[in-house]
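Positions annotated as FAD binding site by Swiss-Prot, on the basis of similarity to another entry: Ala105, Glu124, Ala125, Arg133, Met161, Arg162, Asp638, Trp646, Ile647. Swiss-Prot lists 1-44 with the feature signal peptide. Taken from Swiss-Prot, the feature site 'Important for substrate specificity' applies to Arg310.
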Amino acid sequence: MTEDHAVVRSDGGLSRRSFAAVAGTATVATALTSGVAAALPAPAASGDSRGADFDRCLAVARALLVLDSDDRPLVPRYQSVLQKGLPAQRRTRPKNVLVIGAGPAGLVAAWLLKRAGHRVTVLEANGNRAGGRVKTFRSGGHERAEQPFADPRQYAEAGAMRIPGSHPLVMELIDQFELKKRRFHYVDVDSEGRPANRTWIHVNGIRVRRADYARAPRRVNRSFGVPRAHWDTPAAAILRSVLDPVRDEFSRVGRDGKRVDKPLPERLQGWARVVQRFGDWSMFRFLTEHAGLDERTIDLIGTLENLTSRLPLSFIHSFIGSSLISPDTPFYELEGGTAVLPDALLERVRKDVRFDRRVTRIQYHHPDRPSPDVEQVRSKGPHVWVDTVSEGRDGPVVREQFTADVAVVTVPFSGLRHVQIAPPLSYGKRRAVCELHYDSATKVLLEFSRRWWEFDEADWKRELRAVDPGLYDAYRTGRAAADGSLLGAHPSVPAGHITAGQRTHYAANRAVARDQPEAVDVVGGGSVSDNANRFMFHPSHPVPGSAGGVVLASYSWADDALRWDSLDDEARYPHALCGLQQVYGQRIEVFYTGAGRTQSWLRDPYAYGEASVLLPGQHTELLSAIPVAEGPLHFAGDHTSVKPAWIEGAVESAVRAALEIHTA
């Protein structure tokens, strides 16, 4: 799951997307600025006739706060289910259960139901891998993957890469399975582990450290043509100033200057008012009509705070993502890659998983929906019938049918659109399947034989002189060879991974620049640019036994991602390296091993997109129908929660669906 949207928290915290803007800007800006000369929005009024009816808005608020219909928190109960299993007393006999999809939601639901004594079969379209959008490029694993990088010890994330400490259900699974976690540095740190904010902002031909921009933003801001009132205010502070009045509906600023949630009843009502007021607004409309920001200032915020690609999409979607995680929340990564979590889940249900079984048809029994197209199910059972087909990659194409009493459908709605279901689902569900908006996200990862982002200038001198005694000065003066001969030239780069064709393509795409910026000298964190790469991230930790590392050279969403999706995989790597060089300088080329990996979630035949990223109005128009069972069909997956793209949303939905089946 691609972590995941779009805005830096108004109080300096991080949404799923704001790590892409890298909180260094917001964090430093918060300490250095106290306000902004901007048109501040009015409080989110509850009686706006343009909004959705208040009951629907309350339903959305309950979903995002994870409350039941009596406004009681559900998370403690869900945690107890993960710890102790489903309730011991069942109302009916054990059921035959089909789980469609072996992502986190499907695996958790299958594990819980199996522990409770139900007979479970999991159907997964992928021929060899479970985990859905939790995917690690690695050697081996349960999928027995081939070595992805020149160094067999290296691995990198194609999807989910960090886990908030405030996601209790995922943290419960990590602790229960005894997986090793460590801090994920979304803000770069120095060698002592202190926030450094030394990574780069590279926009409009200007390159500046994040900390320097937070202290003196005028040069960058003026390059966007923003009004004089915004010359000396960092982008994060401008954004914070227009979002804070909305957050006042459900939280307040404490004496220590930090946001504190209001009591639950007030919080619920406040969120409902926000949904009613802005539920059918896009982020662009909010920033222009409500916040009164001009186009140039929105360009500044969009570029530095990763809002550009999300401006046409739902304000509520972005605002929820920015508000459910405290600014003090630590983030973690899993040693060995995030895929160790689905590894652990798969171990518990492996014998029940059928890989290479793509579901093409579903029939289900519903007494109120008679249909002449339903031939395989009946009132006395089976209640669910599923037709599948294999992809035939390792043998002949085969069809296989499965029956059950109930099913858990975790397929993304973008993929469920291609599954024939009889009788037809309810109108609300069919509308959600047809209309729920999924976005694109693409990563391009490049392997280097040395962790050059951790170098100081003395390190650069030493390493470049190992290639040629005069090479350090040649790069500094723009005299280094530009014909591709220096690609992977360092002695640490394994031979045999860079072809003559790669050198030619690289030389044709090589960044043309004579200046060489100073060493980054950081651990973790990342940089932002207005070039095609947009956001770049360094590993937070070295891989034991390896002197190199894999850089997330480009992480992009929406239209930015589509620019990469048009390129073949191999064609992306020289472009991504060029974008890195525009930010970090040409000399990084000597450590490039020639190995890269890329993931387009929109082009993925199992994911059908990054995640559900809702359009204006879809929270109130579609959300209520998405998680509701249709007879014996139950629905789970992060798209059925108000935490799309987060593993927490998938686990939350899995526990809900398992309880529905077990207690029916």
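Cβ atoms are placed via backbone N, Cα and C, with glycine included.
Annotated pair Ile647 (FAD binding site) and Arg310 (site 'Important for substrate specificity'), C-alpha to C-alpha distance, rounded: 21 Å. Reduced to three states, the DSSP call for Arg310 (site 'Important for substrate specificity') is helix. Cβ contacts within 10 Å of Met161 (FAD binding site), excluding its own Cβ and spanning all protein chains shown: 26. A gap of 30 Å separates the Cα atoms of Arg310 (site 'Important for substrate specificity') and Ala125 (FAD binding site). With the fewest other C-beta atoms within 10 Å around its C-beta, Ala125 stands out among the binding-site residues Ala105, Ala125, Ile647. Mapped onto three states, the DSSP output places Ile647 (FAD binding site) in helix. When every Cα pair among Ala105, Glu124, Ala125, Arg133, Met161, Arg162, Asp638, Trp646, Ile647 is compared, the largest distance found for this FAD site is 26 Å. One residue stands out among the recorded positions Arg310, Asp638 for having the most other Cβ atoms within 10 Å of its Cβ: Asp638. Reduced to three states, the DSSP call for Ala105 (FAD binding site) is helix. In three-state terms derived from DSSP, Met161 (FAD binding site) belongs to neither a helical nor a strand segment and is classed as coil.
Under DSSP, Asp638 (FAD binding site) is assigned to a helix (H, G or I) in the three-state scheme. When secondary structure is read from DSSP and collapsed to three states, Ala125 (FAD binding site) falls in the coil class.
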